[in-house]
Amino acid sequence: MSDRWRAVLRAAAVLVFAVAVTAGLVTALRGQDWSVAARILTPGSVGLVAAAFAVNSVAMVFSWLSWRVLLVDLGGPVDTVTSARIFFVGFLAKFAPGRVWTLLANIRMGASAGVGAARMAAVYALTVVISTLTGLALGTVAGLAVLGRTALVLALAAVPVVVCLARPDLVNRGAGRLARLLRRPPPVMSASGRGVRWSIVAQTVCWVVAGVQLWLLAVAQGAPPLRTLPISIGAFALGTVAGVAVVLLPDGLGVREGVLLVALATVLPLPAAGVVTVASRLLCTLSEIAVAGVAVLVSEVVKRRQPHYANAR
């Protein structure tokens with residue numbers, strides 16, 4: 001195939017990706033109940049809502065750090081600007097229907113930075129395993145807070161995380177089994193114990209901080225602060241993991257809300273729980289688009305201004 005046709009195919013692939021992501025973003029924004037903004041943004045709650053937006057933005061940074069630990073661990077240093085560009089372009093891809101877009105975006109952006117496809121695929125698989133395990137483990141917190149001692153058996157869901165901290169090689173095996181389940185070649189690279197542990201820690205912090213976002217919105221609607229905190233953290237983590245399992249809907253649209261509504265209804269009247277649930281989706285969508293968009297824009301500016309980034313293109 002000639003270089004000209006390769007360039008045409010690359011341009012076509014970029015165009016298809018851009019259209020898919022744009023369509024996903026439009027669908028995500030149009031699907032929001034914007035009327036909920038008037039109900040959540042009362043004079044006494046503006047500060048809490050603003051704090052929730054900021055907190056969710058911080059959670060995204062920890063998600064990136066968890067991913068970056070694995071990226072560096074599997075093949076050597078990747079500078080901050082490049083890793084942020086790869087991650088956040090892939091992050092925006094999650095709004096497109098289907099989970100394949102994120103991996104394809106990571107591989108494409110990684111290739112432009114000299115990071116091989118095998119490495120990007122391994123990072124993706126390991127990230128899915130770690131985020132799922134930590135999300136399920138924190139989900140038990142919500143179950144324990146709602147059901148009390150009768151749900152102590154749910155604590156068993158935290159055992160895999162503890163085991164993986166002690167035996168990080170099990171995460172690599174889990175990534176291999178995930179690949180086989182999806183009928184894909186298993187990762188050809190394995191993360192070190194140190195890399196897996198730090199990724200688990202960063203992802204756990206990400207879930208906790210993201211749960212605080214939901215907690216702030218719930219408190220703004222009158223939920224009891226102390227009781228609502230563990231429920232918010234656990235429910236958000238569990239709901240997000242459940243949403244990831246639904247491949248056809250952009251960002252698990254609707255699945256996470258179902259989990260949050262059930263959990264929040266234990267600390268708020270059902271109408272208020274519904275307001276918080278919808279407001280959380282709206283706020284998360286806006287903050288994710290804003291943070292990812294700013295990160296990609298800043299990385300592009302830095303890349304164009306600094307010669308060593310431009311030459312790596």
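Quick reminder: no glycine exception, Cβ is built from N, Cα and C everywhere.
What TrEMBL annotates here:
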- 12-29: transmembrane segment (TRANSMEM)
- 41-66: transmembrane segment (TRANSMEM)
- 86-109: transmembrane segment (TRANSMEM)
- 121-146: transmembrane segment (TRANSMEM)
- 152-175: transmembrane segment (TRANSMEM)
- 196-217: transmembrane segment (TRANSMEM)
- 229-249: transmembrane segment (TRANSMEM)
- 258-279: transmembrane segment (TRANSMEM)
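Counted as Cβ pairs under 8 Å, contacts with the transmembrane segment (121-146) are highest for 196-217 among 86-109, 196-217, 258-279. Stretch with the largest number of CB pairs closer than 8 A to the transmembrane segment (41-66), among 86-109, 196-217, 258-279: 196-217.
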